[in-house]
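*Asks:* Sharing a structure, written as structure tokens. Questions coming.
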Amino acid sequence: MNGNTDNHLPADNDAPDESAGETQRMSKTQIFTLMSTASVNFSSMICYSILGPFFPNEAVKKGASETTVGLIFGCYAFFNLLGSLILGKYIVQIGTKFMLIAGLFVSAWCTIIFGLLDRLPDGTVFILMCFITRAIDAIGFAGAMTSSFATIAKVFPNNIATVLGCLEIFTGLGFVLGPPIGGFLYQSYGYEIPFISLGCVLLLMVPFNMCVLPSHDATPSKDSFWRLFTLPKIVLICFVIFAMSSSLGFLDPTMSLFIKEKFNMPSHYVGLIFLSLALSYSLSSPLLGVVSDKMPTLRKWLMVIGGMLSAVGFCLLGPVPIFNIKSQLWLFVLMLVLIGFSLGMTGIPTFPEILTCVIENGFEEGLSTLGLVSGMFGAVWSCGMFLGPTLGGFLVEKINFEWSSAIQGSIVLIASSLLGIYFIIEGRWKKRSPPTSTTGSDEETSPLLPNGIEPNYKLS
């Protein structure tokens, strides 16, 4: 977001000095931060996506219903929500580096333990331990991801959307590799190996991040999450984030079962179907991030149009029976591609748009506010990821996949439409507002500092 007046930069003394009008080489701190956050994005998504192709069927064999499977997926998001809110509030006191490393360590051991749960008796014991393990895992990754978002906004204040878009390549890579790797390892070696091998990889990332991740010091802010939700624009953007994550979470416990039933495909091929959504998202995100930074006035319409495209994708994913369109594999894959692209179109601009809004409304610039915004973003996203699998599993069990998918699409359509209406009203209100007077006496219009003297502070 170079040189734009609506770009407010989070400032603390240890942030790198980025020139808004010039392109500079990345500093050592920025390079190490990219390496660290990329590893977190990759590992968090591969941990989440590896379950999709085989865990629902395995859980059903162990005595869980489809609704319970949805709750197990949703449990992760619910505790991720709680963790994001609490850890985002106290990110300054805990420290960004410690929070990220500790989160990875906890998640690594939870992943390994989850792979051993098939040795437990069928029924209640297995289901209960699934809930407990996923809950602790979620809190660990809440810390890692909250710290990751705040650190990125801190170190790259002028290009947040661009950097987030590039990092989504690693998010998409984790989403891409998770299902096929998980499906292959499950088919070849059984239930335990996918989780144990992935947990060991996460453990290796702990010393790696201890070495490369820089530390940041800051002063705690007096602002709170509740003040964020007093701003109508932020509430509506959060509704869009919630709707998108809910629709994405809906696919986790339901899509693999639908594909196997409708198209008679084995687990490892189901993993390949997941690629279409992940690839379209990860490949489009860097471009969408650049567009969001270079043309910040387009951010709001990217969110609105992206949400509407996603609604179309979910209605045609089944497709919904009222269209009288036969369900075909090529159409299913095409709609996943559309959903992946629209997810990036809607999601990438939201974080910098929220940051701009909170600074315009008087929040302190610095790591503490970044922690609040990161925690809120993670909490709202997790709230959707909780409702999506939970409601999705219930609806598919009571109705069918086709209508359930259409219901998810309608939620996204409502959220994006409300945000679009708000932006239209906001635009008209600004046009009717009297312009700020730029005239005045020589004393009023004279610079506060003599020519040639620069202020001794910097925004970073």
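Cβ coordinates are placed from backbone N, Cα and C, and glycine is handled just like the others.
No curator has checked TrEMBL annotations; they are predicted automatically.
Owing to the predicted nature of the structure, the values given are computational and were not obtained by experimental measurement.
The domain 'Major facilitator superfamily (MFS) profile' annotation in TrEMBL covers 33-428. The region 'Disordered' annotation in TrEMBL covers 1-22, 431-460. According to TrEMBL, the feature transmembrane segment maps to 31-51, 71-91, 98-117, 123-144, 156-181, 193-213, 225-248, 268-289, 301-323, 329-355, 367-387, 407-425.
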*Asks:* May I ask for the residues of the chain that lie six or more residues beyond the transmembrane segment (367-387) and have a Cβ under 8 Å from a Cβ within it?
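*Replies:* Residues 10, 12, 73-78, 80-92, 96, 138, 142, 145-150, 153-154, 216, 218-221, 223-225, 228, 238, 241-249, 350-351, 354-355, 358-359 contact the transmembrane segment (367-387) from elsewhere in the chain.
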*Asks:* How about long-range neighbours of the transmembrane segment (225-248): same chain, 6 or more residues beyond its ends, C-beta under 8 Å?
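*Replies:* Counting only partners 6 or more residues beyond its ends, the transmembrane segment (225-248) has Cβ contacts under 8 Å with 77, 85, 88-89, 303, 307, 310, 314, 339, 343, 346-347, 350, 353-354, 357-358, 361, 363, 372-373, 375-377, 379-385, 387-388, 391, 408-409, 411-412, 414-416, 418-419, 422, 426.
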*Asks:* Mind checking which residues reach the transmembrane segment (98-117)? Cβ under 8 Å, same chain, six or more beyond either end.
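*Replies:* Those are 36, 40, 43-44, 47, 87, 91, 126, 129-130, 133-134, 136-137, 139-148, 151, 191-196, 198-200, 202-203, 205-206, 209-210, 213, in sequence order.
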*Asks:* Establish whether the number of Cβ pairs under 8 Å between the transmembrane segment (329-355) and the transmembrane segment (156-181) reaches at least three, counting only pairs separated by 6 or more residues.
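*Replies:* Answer yes: the transmembrane segment (329-355) meets the transmembrane segment (156-181) with 3 or more Cβ pairs below 8 Å.
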*Asks:* Is the transmembrane segment (193-213) packed against any residues at least 6 beyond its ends, judged by a Cβ distance under 8 Å, and which are they?
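*Replies:* Distal contacts: 32-33, 35-36, 39-40, 43, 46-47, 50, 54, 97, 100-101, 104-105, 107-112, 114-116, 151, 181-182, 185-186.
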*Asks:* Mean pLDDT, the domain 'Major facilitator superfamily (MFS) profile' (33-428)?
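*Replies:* Within the domain 'Major facilitator superfamily (MFS) profile' (33-428), the model's average pLDDT equals 82.
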